[in-house]
């Protein structure tokens, strides 16, 4: 927002230099991006009177002028403008002056043999326009005097601050809002425009119907006998300084109120509205748009309205996009003599939805989206009416006000001095000592922004927030932030916060997550992070009600899809196979509601080795057992043993090389090789493996008292006793099931179980396979004897026969 310093000083009596004021505003959250000091644009440029104009003796397109500039003698100036002539008032840059807009310093020079002692300026040379057809000529009736500075005449006696508010506040987009901030920062006197509210008749020629909850206040004022003309020069200059193009006096006044109060207004041509409605008595409505309705807006765009858009209607025909832009069919033109002045409060979300549905953002919508101050709406309306009657003439015929809320909102917050000092800490005193903020400081700072403080207890206030700050001052912490902002963040001392007994400690859950990440990195996996937002495509997905992009309008159902995409992207970029893992949240919907859960996923595959020269350059892709070993190693680091069982529930995996993972009877997740058709379709290596685990189940097993403290076990110094166990068993029985029974029956003496042979084929019964295990028995305190080992080993053998009907071979 561009702020005229002269205009600002009419509202708040601040005499700080622009640079000092800009620094204060920036530190208070109103970042001044540029200081445009227009006073330098015309320094040394004065009003001159062209006394004589003669043709240059050596150039057809040059003129030699005698110009009076308030000195003892006229000066000679060679001018190339085609519109220069005698007896006109012009802007003259005198010798020694510097024009920054064209980077030119004036000095005596000769043009085609004639001495020139200055320059007659165009508006572009003074920075007021981009292009000029000739020199600027002042009106004859302007009461000018030769030698007077041109700055005040052209609006070049001002400084413009281009600032951006970092806070989501509508009042920050108005001159009065900035003036209030300056008053709070500098203790300067605030002088707001004097507005005396008037009561106007309410005639049946105007009826207003609020059919949407998104509009709680709407007033329409009918003014007859207005004259459309250019705005006065002072009004045009203020709008131009703010970067707003001037249209005519009526539209310019509504824009002026927009800048001054931050309240968007809109002026309709009443007679055009009557023609649209087909009646002399207007029925203005506020409602949601209907499917298929269209509206031609002021930018000459024919727009098809979304059902979510909020519209203003006349006779139920859309005439404006509420809070965003008016309609072209009812705009004010040179022939307009009757106005309907709209002043309304629209719900911020509704305006944002309307603007977004049309891809349209305007000065009005920017303020409505932040929430304008409904309590100052009558004041802004009256201010606009006063200016309209003063500048455009006319008479107020009728005013109709429709509201859905009868009481003004009241908002009060309990504020504790102790809490303020706990959060903000001490401030730097003048003697460089640190001290806490006092009650007087708090009352002074908050009163300066319009708050009313009532002391209800020792250093405890009930703070009534001013209406223009209702939307951003809602809690105690908001007021504390205001105290810090107004006092100045740089005025607080450097101290450490008080530490409690458990400050700085990680929660058990976070500590375990970090351990999991460290172990995964230790086995060669890179941590990945993907967006939770994905393309829609499943009924089980949770869809966003108001997405930024259609491609990211749903929440992810799993981590696996993102991991596969990442593997494919890295492979296509020539980065080789990706070994990665991700910890994140997934979301899904069911008939009884929405759900979310934390998951851990991983992907690996291809040939990660670098010794291909030893294999004649051939790749050696990781196989199922090696990939499975990576996952097992992760769990072994935590002292956990997982069980693999056949699984065919996910068609993205190979049906014969996929397993569900179980941890002490709890389903943990799934691991397997990606389906060959999926890899072929995506151009991936033939063997890519992935897993997705339920992180909550994993953490529950890790969050056990016996696992919180590391346990160390010495190596046995006594020899082991090995036994081989071979048998035929049905192919439906998994090795995991067999190993579980073997370990259970082997008890404490059985230290290791290893499958070292599997055979299917000749001499093996049909639908069976031959398996051979090596069992290692060991004790930590003695050498085991045959008498100790054999009974245990026989118990293992017998259990396998009874449980799985195996045929023992050894």
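Glycine is no exception: its Cβ is also placed from the backbone N, Cα and C atoms.
Record features, source Swiss-Prot:
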- 472, 478, 481, 482: Mg(2+) binding site (BINDING)
- 39-151: domain 'tRNA-binding' (DOMAIN)
- 408-494: domain 'B5' (DOMAIN)
- 716-809: domain 'FDX-ACB' (DOMAIN)
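Structure with Swiss-Prot features highlighted.
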residue : record              : Cβ contacts under 8 Å, 6 or more apart
472     : Mg(2+) binding site : 167, 168, 169, 478
481     : Mg(2+) binding site : none
482     : Mg(2+) binding site : 445, 446, 449, 473
Any further residue of that chain within 8 Å (Cβ to the Cβ centroid of 472, 478, 481, 482) of the recorded Mg(2+) site: 469, 473, 477, 479, 480, 485
Neighbour count (Cβ, 10 Å) for residue 478 (Mg(2+) binding site): 14
Confidence summary (mean pLDDT) of the domain 'B5' (408-494): 89
